[in-house]
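Participant: Here's a structure for you.
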Amino acid sequence: MFLSRVNPTRFPPFVASRRLFSASASAASLQQYCTEKPPIKPWPQRLFPKRLVSMITQQQNIDLALQIFLYAGKSHPGFTHNYDTYHSILFKLSRARAFDPVESLMADLRNSYPPIKCGENLFIDLLRNYGLAGRYESSMRIFLRIPDFGVKRSVRSLNTLLNVLIQNQRFDLVHAMFKNSKESFGITPNIFTCNLLVKALCKKNDIESAYKVLDEIPSMGLVPNLVTYTTILGGYVARGDMESAKRVLEEMLDRGWYPDATTYTVLMDGYCKLGRFSEAATVMDDMEKNEIEPNEVTYGVMIRALCKEKKSGEARNMFDEMLERSFMPDSSLCCKVIDALCEDHKVDEACGLWRKMLKNNCMPDNALLSTLIHWLCKEGRVTEARKLFDEFEKGSIPSLLTYNTLIAGMCEKGELTEAGRLWDDMYERKCKPNAFTYNVLIEGLSKNGNVKEGVRVLEEMLEIGCFPNKTTFLILFEGLQKLGKEEDAMKIVSMAVMNGKVDKESWELFLKKFAGELDKGVLPLKELLHEISVS
């Protein structure tokens, strides 16, 4: 049997990491957080554990939350910590990845007298939070130390640990822990445990072994469920083996399990990724025939596939259907549909989609606004783009990306006065321009023959500490060349070098340009080399 192939590994009482929950480190680590006076005012005259839990939970500052906890235990007359107060502070600290005080407090909890009776939920929370921080080894140590606190480990903590190991891609350890669960930990796996093992095997692309686990589950007195089958089906889909995935679907049906929206969506996603869109559409038809409602993920998979296939009309129709069913599409999906419509020269339809989203209380964000502004400007409809921007600005704060997109469109159309007004609006909103913002403005000025003003903008760019790049210098050099003022190029180089704002690519541009023109006697290379030597 597959499940018995791994030799049982003894997990002895944990002695390898005595630093974890070490009492010797506890006092010193927490001393810096202790205060003689109440850390917050007003401090309650009467304090009960429930009130303290509320104070800790509501406190946004992690250090202050810990100070409140310590002051209550050491300085408030008659107050004694209990399991709930420890749980609240340990959860808050571990969630914020403040692990040093966590380990010190755990040492205090373990050594408390009289002993504080703990529950398993505390350890489950710690397992999760250490795992989310990528510290799966610490999660394993915590799991092994649970009995030290007078708590019996259950299948819940085992399943939490297995999930942590999967999140951290330690699939080999999942099988080892599963195999040793009963003998070393006294825990009998349940179907959720088996599903986690199946998931780990599928993640490491060992679907054949996952299938063997599926076959052996009944011998453990358990019944494979929909999640078991869907996980294996997803494994085949990830491999691109759609025929095997279909066989799993048929086996599910034969054994009396009816696929849900997730199962169908996984199958559809596999077909879409392989470009087999018609088969994905057939799966969606089957789904509806079986009276299974698609969810937001189902719609997302199909809409993205339609956009990729350049079928903007069908994507728009499905998007409308999604909104009608009260599903809220995410920003990236909206941008996909807007892009597909605009690439198909349906900018008006894209604007209509924007208005429909507003009507459905689905507030567009900066990414979506920037996408639509980009296409409106590309079509030469800068005035409409500005109106859209103003409409958005009434209820939201435009991002730098949104400002950059509209400024670029205005500069491209030669509407420099409007671009300047928008620039001023940026400053009023304390939205700091970046190299791209300066580049589009400099390019707009240069294209309109106002290179002198472009150089002034470069000076401002250098003054605020924004690094020009190769593109910035190319724009100005080309502008000077058109005006027959190439001799002024060295002044720009000197200005940049004096401010220490020249990157490697820009230096290469300078050397290539000026070394190539040395023989013409236009720009002396010696000047450039001198600038480099003194910078």
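Counting begins at 1 with the first residue displayed.
Using the three backbone atoms N, Cα and C, a Cβ is placed for every residue, glycine included.
As listed in Swiss-Prot for this protein:
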type	residues	note
REPEAT	82-112	repeat 'PPR 1'
REPEAT	119-153	repeat 'PPR 2'
REPEAT	154-189	repeat 'PPR 3'
REPEAT	190-224	repeat 'PPR 4'
REPEAT	225-259	repeat 'PPR 5'
REPEAT	260-294	repeat 'PPR 6'
REPEAT	295-329	repeat 'PPR 7'
REPEAT	330-364	repeat 'PPR 8'
REPEAT	365-395	repeat 'PPR 9'
REPEAT	399-433	repeat 'PPR 10'
REPEAT	434-468	repeat 'PPR 11'
REPEAT	469-503	repeat 'PPR 12'
TRANSIT	1-28	transit peptide
Participant: Go ahead and report the DSSP secondary structure tallies for the repeat 'PPR 3' (154-189): helix first, then strand, then coil.
Facilitator: 28 helix, 0 strand, 8 coil
Participant: If you run through the repeat 'PPR 7' (295-329) with DSSP, how many residues end up as helix, strand and coil?
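Facilitator: Here the numbers are 26 helix, 0 strand, 9 coil.
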Participant: What else in the chain is close to the repeat 'PPR 11' (434-468), if you only count residues 6 or more beyond its ends and a Cβ gap under 8 Å?
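Facilitator: Distant contacts of the repeat 'PPR 11' (434-468): 400, 403-404, 407-408, 410-412, 414, 416, 419, 423, 426, 475-476, 478-480, 482-483, 485, 488, 491-492, 495-496, 499, 501-503, 506.
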Participant: For the repeat 'PPR 9' (365-395), could you work out the same-chain residues 6 or more beyond its ends whose Cβ comes under 8 Å from its Cβ atoms?
Facilitator: 331-332, 334-335, 338-339, 342, 347, 350-351, 354, 401-402, 404-406, 408-410, 412-413, 415, 418
Participant: Looking only at residues six or more beyond either end of the repeat 'PPR 2' (119-153), which have a C-beta under 8 A from one in the stretch?
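Facilitator: Contacts of the repeat 'PPR 2' (119-153) (Cβ under 8 Å, skipping residues fewer than 6 from its ends): 11, 14, 17, 20-21, 83, 86-87, 90-91, 94-95, 97, 99, 102, 109-110, 160-161, 163-165, 167-168, 170, 173, 185-187.
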Participant: For the repeat 'PPR 10' (399-433), what does DSSP give as the number of helix, strand and coil residues?
Facilitator: 26 helix, 0 strand, 9 coil
Participant: In the repeat 'PPR 8' (330-364), how many residues does DSSP call helix, how many strand, and how many coil?
Facilitator: 26 helix, 0 strand, 9 coil
